[in-house]
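As given in TrEMBL:
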- Cys390: active site, nucleophile (ACT_SITE)
- Cys393: active site (ACT_SITE)
- Thr194, Trp205, Ser250, His253, Arg285: FAD binding site (BINDING)
- Cys97-Cys102: disulfide bond (DISULFID)
- Cys390-Cys393: disulfide bond (DISULFID)
- 1-21: signal peptide (SIGNAL)
Amino acid sequence: MGRPLILQLLVLLAVVLATESNKNRSRTSTNFLDKAECTCKLKGGLDDCSCDVESIDSFNNGKIHPLLEELLGRNYFRYFKVSLNQECPFWYDDSKCALKDCAVDICTEEVLPEGMRNGHEIKKYMTDSLKDKEECDEMMELSTVDHTLSQESKDAFVEWTEYDDSQLSFCVMDDEDENEMQYVDLLLNPEQYTGYKGESPHRIWRSIYEENCFKPVQSTRPSYSPNIVSKGSPLEGLCLEKRVFYRVISGLHSSINIHLCARHLLPDGWGRTKWGPKLEEFRKRFSPESVGPQGTTRLKNLYFVYLLELRALVKAAPYFLNQTFYTGDRGEDDEVRQLLMDVLEVARQFPYQFDENTMFQGDPKEARRLKEEFRQHFWNVTRIMDCVGCDKCRLWGKLQVHGLGTALKVLFSGDIIGRIDIPHNRQFHMTRREIVALVNAFGRLSKSIRALEDFKNMMMRS
């Protein structure tokens, strides 16, 4: 009789232990989901495009990001010409950041590549084409003919060119010849947390969202997008173009926030400055506990603007084919050109491209009006960057907004890129600053998506 009783007790003990084990596993699983909650929903499809997060993660982290890292370390793309002394055009702001980490190191003439020093940039534009000598001679002939035109005709041509350029431009262009324009080495001035916080940066983003982003209203204009916005989204009631505007601004904002979280000021213990990923800061900006479901939406908007700028690079490829990326070092220039061609080839193979042809369709008059409104809103955003009180934040804000504006210029330029069968003053053109900004801006988005992978892994381990 004793042996069956012992067996029953052993069975009962086994059941109790199994139950406790299941509870512990359930608790562990729940804790894991809580820790990863702000990224566990970051999956699946994106509104207004036929792509998903997983495809972009795989493509970016495994294929194009390593190539971009190498390309952006080369001289042509590491030096950006910018004016950091423009006055804020919208309000008086004396909240200049006094912290040493806000400062930007300006390049001296001696450290610049030969082709970027004063007196060499004009030569660069004269040699920035791979067309043969006969075409150059033809251009010289045309230039000679131009001198026979009346002053009135020449003034008219200048007016037409300025008008055409203004229609394509989505950014306020700094004057390249201004004395205040200076080169900055982007590698020596990385985008990172600088201590710039409080009312000043909040005012910047409030102005962008509240005064320059489109507000949801009941729209009678049909959407020509193959996808519609998710039900319950705050973007319901906006037409496709206005949704795109909001998403690219939100995605850019998310990307900048991720950069600040990925290179945040960390305690060292030795009195030295140290930067690295700060998970607590990431959660504060994106977790449901801090910002609700908007955290996942903001991260998805990062993927959306990534697709938009990726498409702009692909569309600009015919223009890049005729550039030499001149710095004065022929060997370096050839390597940069080949690296960029490799990036463009990989980008071209990605099957889920943003489709700019779905935008500004329908009634031509209404489409033109909406496109101009879209352009003016973004124009204002570029001007707001001169209100940023931290020089390093202003530098990276201007570069990324300028790069996004260049992407929009590329996307909405029609079919003129790379064509030579149209009048010269109507051919597509990008300045060196636009090229550098476009590629670096996409590089920043690529870096953000790569950093997201690191934050996901940190959450799993925490």
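The backbone N, Cα and C atoms fix where each Cβ goes, glycine too.
Here the structure is a predicted model, which means the values were calculated and not measured.
Checked against Thr194 (FAD binding site) by C-alpha proximity, the recorded positions Cys102, Cys390, Cys393 yield Cys102 as the nearest. In sequence order, the binding-site residues near the residue listed as 'active site' (Cα within 10 Å of its Cα) amount to none of Trp205, Ser250, His253. Per-site Cβ counts within 10 Å over the recorded positions Cys102, Cys390 peak at Cys390.
Note: the CA-CA distance between the residue listed as 'active site, nucleophile' and Cys102 (disulfide bond) rounds to 5 Å.
Counting only same-chain residues at least 6 apart in sequence, those with a Cβ under 8 Å from the Cβ of His253 (FAD binding site) are Trp205, Ile208, Arg298. You'll find the Cα of Arg285 (FAD binding site) roughly 21 Å from the Cα of Cys102 (disulfide bond). Reported as a whole number, the C-alpha separation between Ser250 (FAD binding site) and Cys102 (disulfide bond) equals 24 Å. Here FAD is bound by Thr194, Trp205, Ser250, His253, Arg285 per the record. The longest Cα to Cα distance in that group is 21 Å. Ranked by Cβ neighbours within 10 A across all protein chains shown, the binding-site residues Thr194, Ser250 are led by Ser250.
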